[in-house]
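As written in TrEMBL, here are the features:
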- 25-126: domain 'Alpha glucuronidase N-terminal' (DOMAIN)
- 130-449: domain 'Glycosyl hydrolase family 67 catalytic' (DOMAIN)
- Glu287: active site, proton donor (ACT_SITE)
- Asp361: active site, proton acceptor (ACT_SITE)
- Glu389: active site, proton acceptor (ACT_SITE)
- 450-673: domain 'Glycosyl hydrolase family 67 C-terminal' (DOMAIN)
Amino acid sequence: MLKKGIILFLSILSFHVKADDGYKLWLKYDLLKNNTKVAEYKRFSDFIDVQFPISPIIQTAEKELKKGLSGLVGATITKTVKTSGGIVFQKDNALPKEGFKIVAKNGNIVISAQTDKGILYGSFELLRQIQTENSIASINLSSSPKIQLRMLNHWDNVLGTIERGYAGSSLWKWYELPENIDPRYVEYARANASIGINAVVLNNVNASARFLTKEYLEKVKALADVFRPYGIQVFLSINFASPKILGKLKNSDPLEPEVKKWWNDKAKEVYSFIPDFGGFLVKANSEGEPGPQEFGRTHADGANMLAEAVKPFNGLVIWRAFVYGPNPKGDRYKEAFNEFKPLDGQFAKNVIVQVKNGPIDFMPREPFHPLFGAMPKTPLAMEFQITQEYLGFSTNLVFLPSLFKEVLESDTYVNGKGSTVAKVVDGSVHDYPLTAIAGVANTGSDRNWTGHFMSQANWYGYGRLAWNHEISPEQIAEEWTKMTLTKEANSQKIIRNMLLTSRETYVNFTNPLGLHHIMGQNIHFGMEPWLEKSARPDWTAIYYHRADSVGIGFDRTANGSNALGLYSKDVQNQWNNPQTCDLKYLLWFHHVSWNQKLSTGKTLWDELCTRYYTGVTEVEKLQNDWLKVKGNVDEEIFEDVKGRLAAQHREALNWRDACVLYFQTHSKQPIPTPFVKPTRTLEEMKKIVEIYQLK
Ligand code: BDP
């Protein structure tokens, strides 16, 4: 009796603990509570009539709709097709390749598309409409992706670790593959397909040559086989020195015939395993990675040699522009531009150059990379970082669609007003035949996939924007909250607002007014504005903030490094004048004196302190707002997010105290009222950071 009681108690307990661990992401499919809506959706849930050539992708779409409708509205989809009351898949060759149309017609919901992928995306869209409780009775909606390749880049290593990963270890269990297929691979593919992601790079750009061995290609094939029915193509990052490392050639010079042959043969081998393999992603001559420059060749020489090898199989080469020579006199801001701009027009037709969103490195805020708009003859892909390397790992709530959108909407002015970065990337500014966008993934083996539960919204939001860069962060926040967290209207509003303000909050307590690269070295966590020495000058903090007795900021006007000169005239005009430059970017481009009056009416010093202090207050607001949703979100998720917000608050205080105390050694001015001087000393703050760096 007692034993039974204990078992019952334990199972209740474990039921409670496992209530919602975040594993199902935004694809929860829990029964909706709104009965009127449920009745409406049920009217279209009797059958699925597939008037479309059957394929594994079509079967995926069918399976997903069945799963979704049975969960959300309790429907049982039967095999009997009737004239009305169901969902119909139809072919429509007039629609764009991966696009779809959803129309309520003759008592059915008709999803039409040119390709099976379009049907799959349409099915997920229909489910999203239902999950967010929109009416579908007279639905008439069409959508198609603006960018062809919508990729996730995983920085996963052979041994299962993830570079800059903060959600556990790699999802790919290399040692168990190819024999054992973790069911999680399917869940991963579903999640991606639901937001339109159609390509993944499985491994780190700092690539081990091992991925190209037969042993690993068999494993990669196993994953590609799982992802294919979800419309996802697999790519690999390659090590440029593979001919030497694996092939034992004397070098990996891209112009050597035997090196070319090695790559041609390797490409053939890769495609023999994975016939629809996407191609290679390459980080070369960057941060110690091998590349063509070792042999006096250019990035174009290297890329074109690989492009030749994958061309017979319709493969692509995605060559990264994240290169910056160690130039102590230069400005890292300009390095990639100077390296790549002269190569415009020299790349083979199946090469895409992948450019990070900003010129330095995924900072909390950066001006857009000057290469966007500067390479009309070379398709440029956007590279965003979803994992929060410089944004507080998985202890900080930072809603990244705000950042992505800010970059995408920046105007390059290359073909006049409205030549936004988004329109460069989607090909409309320069008529690129190939278009691509990549996000460095934030997924890992943590049960909730992303470490911080709220960071799921960044994966989701990245995919939604990759599909359609015109949708707003507001819409994304709303959709995600409804699908993932709560159906209660007031809590939805609170959470949506938390998400939308979170990025600015993070900027305020870390890098206000255009400060950048003042984070802790190596692990890139916390702050280290006093960092003077590193392996390279452009890895220190003082290189970027340039604080002295006069003021702070990096003069990138014509009087300084003239990085601003890399942009079109209209962009220069926007940022050239410290009096009118948007305060968001001020210290990116100007060395401003401490006593300079800003548009806010405060001096630079006072404004800087104000931002650091309000940043902390804003984190407190996030904490308080979260308390208000208790009871309306899952208890386990509630507690986890609450704990992480408390950790974020501790971090925010550290950033604030360290930064104001350190910059004060230059400004020599008091902390302005009404703010209270930190109780800790600069020396104490330095100790905290020292500990972060200990191995
Ligand atoms: C930096 C990361 C480093 C990456 C590099 C890259 O710190 O780990 O390898 O970017 O993008 O942000 O190649």
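Backbone N, Cα and C atoms are what each Cβ position is placed from, and that goes for glycine too.
TrEMBL labels come from automatic prediction, so no person has curated them.
Locations of recorded TrEMBL features on the structure.
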residue: Glu287; record: active site, proton donor; DSSP (3 states): coil
residue: Asp361; record: active site, proton acceptor; DSSP (3 states): coil
residue: Glu389; record: active site, proton acceptor; DSSP (3 states): coil
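Cα of the residue listed as 'active site, proton donor' to Cα of Glu389 (active site, proton acceptor): a span of 17 Å. Scoring each of the active-site residues (Glu287, Asp361, Glu389) by how many neighbouring Cβ atoms lie within 10 Å, the top position goes to Glu389. Between the CA atoms of Glu389 (active site, proton acceptor) and Asp361 (active site, proton acceptor) there is a gap of 10 Å, rounded to the nearest whole number. According to DSSP, the secondary structure content of the domain 'Alpha glucuronidase N-terminal' (25-126) in residues is 37 helix, 23 strand, 42 coil.
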